[in-house]
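Engineer: Residues annotated as region 'Disordered' in TrEMBL: 97-123. The feature compositional bias 'Low complexity' is assigned by TrEMBL to 104-113. Residues or ranges marked as domain 'Ras-associating' in TrEMBL: 162-250. Residues or ranges marked as domain 'SARAH' by TrEMBL: 258-305.
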């Protein structure tokens, strides 16, 4: 990074940290082997239209933390001393549609059953789906080992319990999560870290990060872009722009020129088109008059040459 770019980034970083003064979204910076590195939390809004799947886990398989490397050292699975922390349970994500609640545990008390019934009445139900995992029917009576295995695979999203081996859900559009990253991480690395944080089975190739402005402008971050730097340069205010996670094949980029007209009503847009058409017609007539005059001048000159006798 050149000194000019570094100074520009420091100026934006100062503004960014003043905006988030006293909050955990403030960013830190340091220099490591002559490389300027910024690190901290990046807010990412969910913008998915299709359900996402949770990773399948074998009953005896432990959930492993994301791989550690020099570019991932600020990942959320590392402790203050560089030690790997124990895997955490699934963080809460707001959802719009979810899958079916787990079957009640026959060993639970009547009080627990009433509490679960109340939860079912007050909240959307989770629909159990046919996923890639083979699900076979079980009898009403489960052995203690079965009950322990079910509890081991049971997670919660906003208080809704589901089995992470078979669940499919869609996070609520516009809801916000965050990941701890640094300025050396590219877009694909941030995507993989986010999917790993929520143990999502879908490939990172299915998604992309977009900077979405309130004007309607949508700018896709390239694989070579650095999302944290992009966020700093855009400014801290999320009322102006946000970073969204979206499906690649569901979103088209919207340029600034197009975004200016998105929020106008249809009659206003039609009046714009009419004005542009009138302006185009005037320009066409002006060009036609210009070339008509030129054509007459050329013909007149040719006639003069034809009437002049050839000189020896």
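Backbone N, Cα and C define each Cβ position, glycine as well.
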Engineer: Helix, strand, coil: count each for the residues of the domain 'Ras-associating' (162-250), based on DSSP.
Structural biologist: 25 helix, 31 strand, 33 coil
Engineer: Would you mind splitting the domain 'SARAH' (258-305) into helix, strand and coil residue counts from DSSP?
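Structural biologist: Residue counts in helix, strand and coil order: 42 helix, 0 strand, 6 coil.
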Engineer: Along the domain 'Ras-associating' (162-250), what average pLDDT does this model show?
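Structural biologist: Result for the domain 'Ras-associating' (162-250): average pLDDT 89.
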